[in-house]
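Here it is: the structure, laid out below.
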Amino acid sequence: MLPFRRLPSTTVGQCFTLVRSFTGGITQWAKKAEQLESEEPAAEELPLTFVDDDAESTEAREARIAALRNKSRLLPQHRNMLHGVLPYEQSQSWIHDTVKYKRMMLGRYGIDGSKVDPRVCFPTKKEAYERAEYERVAFPFSLKQMMDANESERKARKAQIEAREAEVARKLEKLDQWTADLNARIAKKEAEARAAKERKDRLVEEVRRHFGFKVDPRDERFQEMLALKEREDRKKVKEAKRKEKEEKMMEKLQKKTAQLEADIEVPSGEKTKQ
């Protein structure tokens, strides 16, 4: 005898639920099959794909065929634009009634394709007047006046360029002289700097010789003696410059005197000859 095994209560409940749902499904399927067998198809009903060609007009047939051919899934207006046809047969927005839109459609699809009166392309009296007034204010000068002004401006610009080029050429001629003067000034400053350094070194050496021993340049005695030597040296330099200036003045006076004597001797010699 086989041993008896007890199943859990949850497992038994799930099995009964599964059997009940399966049985209910079979019952509903059987009822639906009986209902379909009992119903007979109506004699007048036709398949959806069937169309009576005799009862359908030619225009409707062409429209139906065109609809079947359209596989692009585009909107009608977009499909019309793709095939170069007016997008809308009737106005769909206030924009479609504006003059700008009508002009654009006329230019794109022509007179027959756009169904627009070509007279909208011409300005009205008000628009023509406003345009003429704008041109009168924006462009007050005639073509001849603008050409003359342009010619005058061109000549003035050319004269300015020529003057600038002449000035540059004139300065280039003096470039060598300016370079020589600059080098002379630089050499003079370098010579003055060297002379000042040599003078300072000479004064420092004189101060050291004065004391007879090595002295720190930061010492007060050294600084006082150095200042005294500098004052004496400046006096000597000043005196030398004064003498040099006097010598130059005497030389100029001698030259002028000799020139005056020469001028006086010439007329007297001419009188003697006469």
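Heads up, the Cβ atoms here are built off N, Cα and C, so glycines get one too.
Owing to the predicted nature of the structure, the values given are computational and were not obtained by experimental measurement.
Here TrEMBL flags 232-274 as region 'Disordered'. Positions annotated as compositional bias 'Basic and acidic residues' by TrEMBL: 232-254.
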By a Cβ-Cβ criterion of under 8 Å, what residues six or more beyond either terminus of the compositional bias 'Basic and acidic residues' (232-254) are in contact with it?
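Same-chain residues near the compositional bias 'Basic and acidic residues' (232-254) but 6 or more away: 199, 203.
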Sort the residues of the compositional bias 'Basic and acidic residues' (232-254) into helix, strand and coil with DSSP and give the three counts.
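Breakdown, helix to coil: 23 helix, 0 strand, 0 coil.
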